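Under the heading transmembrane segment, TrEMBL lists 12-30, 51-70, 76-97, 109-129, 135-151, 184-202, 208-229. Annotation source TrEMBL lists domain 'Sodium/calcium exchanger membrane region' at 14-149, 184-280.
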Amino acid sequence: MAMPNPALIQALLHLLIAISITVASVRWLMVSGIQQLSDSLGWSAKAKGQLIGFATSLPELVVVLAAAWAGVFSAGFWNIAASNIINLVLFLSAVVVYLQQRELLNPRFIEELCFCSFSVILPVVLAFVDLHRSPALALVLIGTFIGYQMLNRVLATLKGKQGVEFRGDDDDAGAGRGGAGRGVFMALAGMLIVLGCGEALSSSTHELVQVFAIPAWAVGWLLGVVTSLPEMTSFFELYAISQRRGLLHELDDTQAGLDALVSSNMANIALIYPLGLLLALAVGRG
């Protein structure tokens, strides 16, 4: 029996360690910090979900930029495509586990469901339609992200979602000023740790794709599974918090979860991917 290639095992271990540190930092520092901050300041469920969604996309940002810099941008794209599909599956899993199917179909969430569908379909289209990777494509995608943000804000204002506070418990209300400060500190600490993992992610991805001829799509799906762990944790935690507070079948948890899903997916495909594309083109590795 042939012995496993030690160099391959080492590269895989380095990659998994770097991703694990990234995911742990997002979950235990960034997401927890943002949740504490939003609870302390009484932000809406929608605002809380959006913040969590953007925070949990930071692993994808690191992976895509690292892949672009290393000259294996295809792996970064497949990470985005895989992450968006996996995120949807994970959110629906949380909905089923906590029996929130009826709440999910509430007409209140029509726009979030439409945005979600778009964020999953778009990377699939980009994967199978032969579009020239160019600065123009990147700018169109960034424009799409800006348009999503504007439309989402207008629709939320029309439906009164921006002003509905996330309902916490007495501990959340008492956290106040100190809780907000701790939340900011935790979020920034998590961001710095995640950004520090970029070099390890870049070198490990480069080894796996270039040296060992592992297909870029396979590496991308591996990264997609791992970098979706923060989203999975967030979806289940939002419902778990509501269950502990006796608010499980209210709409706040589903609102926050949907916005976390949509914000993460839209940031992935319409902001992070084009930024990675621009970097890859700038260094001549697109």
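Every residue, even glycine, has its Cβ placed from backbone N, Cα and C.
Ranked by the number of CB pairs under 8 Å to the transmembrane segment (76-97), the listed stretches 12-30, 51-70, 109-129, 208-229 are led by 208-229.
Note on the domain 'Sodium/calcium exchanger membrane region' (14-149): DSSP counts are 119 helix, 1 strand, 16 coil. With DSSP classes pooled into helix, strand and coil, the tally for the domain 'Sodium/calcium exchanger membrane region' (184-280) is 84 helix, 0 strand, 13 coil.
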